[in-house]
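A.B. asks: Sharing a structure with you now.
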Amino acid sequence: MSADTARQQQLPVSLSWSFTSAIKTWNASKSLLSASIATVLGQILSRTVAMAADASQVVAEAAASMAPSSSSFVSSLPPDLFDQTTIISLLSTLAIVLVAYLASRQFLPPTASGTLRFLFIWHLADALCHFILEGSFLYQCFFTHQPIEGLDLSGYFPTPHNFLGYSDRLYGAQSGSDPFAQLWMVYAKADKRWAGVDLGVVSLELLTVFFDGPLAVYVCYCLAKKDPKASIWMIVLATCEIYGGFMTFCPEWLIGNLNLDTSNFMYLWVYLVFFNTLWVWIPLWVIWYSVRDISAALNERQVKKNL
């Protein structure tokens, strides 16, 4: 037998042995990997359970501090922690955005551009925020109250004299105990005006809920129908949003932010800066986009006239 023939006969045996060894090595590695993953997952689960236990204690303490009888605007939590109502409030905002996104999947074609989809989601989320969140604020201002007799008013945001014809009532979320009242009391830790009735804020919110909200829905309708009037109404709505934001905070700036608490990271950067400037930067971009869209249409018409 030649050397070449011997090597040819040994080659399948060698390949078979290598393949078998590779399988054994893979099985051993897979077992080791599975054990490692199980160990890591066990550690994560153990850590999560421990954190949940700690969080339960924090939530219980927060709930006690947020009882309706409490009149303090100062958070009992360290700046880096969330209480239960804060978490629910933030999740409700995410839920609104999710609903708006799902609606865009329903009412916009799959071929819709990313810009068109973003505009639809923004305006529908805007409308839902106005109707649900700010609408609940107006409800607290007009329908939630308690008699001021026997109350230590130093811990409450004062109700304007003769508001709705009454001078013996304390209005606003500070007098309620329902979930929306608790939500606004959390925000009121950053801006005290939202705990009660500030005539400037209430006046702006009436315009926001009953004009901006329906207009935002109409913009969504125009976007879904590819109606060119959408750009015009987006400019109108964006202008209202920017004006409303300015008129909400300008009175505070003029008096040195007496009603604002900027000592807490959550209050300053999440509630006051992030959530409020969203209604500045995005409307500014919407105006820029809409002006370009209208200008392009007018330029196209001018070109056709010159033909």
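For all residues, glycine too, the Cβ spot is worked out from N, Cα and C.
Among the features that TrEMBL reports, transmembrane segment is placed at 84-103, 115-133, 206-224, 231-249, 269-291. Per TrEMBL, domain 'EXPERA' is recorded for 115-287.
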A.B. asks: Within this structure, do the transmembrane segment (206-224) and the transmembrane segment (269-291) have 3 or more Cβ pairs under 8 angstroms, counting pairs 6 or more apart in sequence?
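C.D. replies: By the criterion, they do not touch.
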A.B. asks: Same chain only, please: residues at least 6 beyond the ends of the transmembrane segment (115-133) with a C-beta under 8 Å from a C-beta of the stretch. Say none if there are none.
C.D. replies: 92-93, 96-97, 99-101, 103-104, 107-108, 183, 208-209, 212-214, 216-217, 219-220, 223-224, 230, 234, 237, 241, 279, 282, 286, 289
A.B. asks: Apart from its near flanks, which chain residues at least 6 from the ends of the transmembrane segment (84-103) lie with a Cβ under 8 angstroms of it?
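C.D. replies: Tertiary neighbours of the transmembrane segment (84-103) are 59, 62-63, 66, 120-122, 124-125, 128-129, 132-133, 179, 182-183, 185-187, 220, 266, 275.
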A.B. asks: Please indicate, using numbers and ranges, the residues of the same chain that are 6 or more beyond the transmembrane segment (206-224) and have a C-beta under 8 Å from a C-beta there.
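C.D. replies: Here the qualifying positions are 103, 107-108, 116, 119-120, 123-124, 126-127, 130-131, 134-135, 138, 230, 233-234, 236-237, 240-241, 244.
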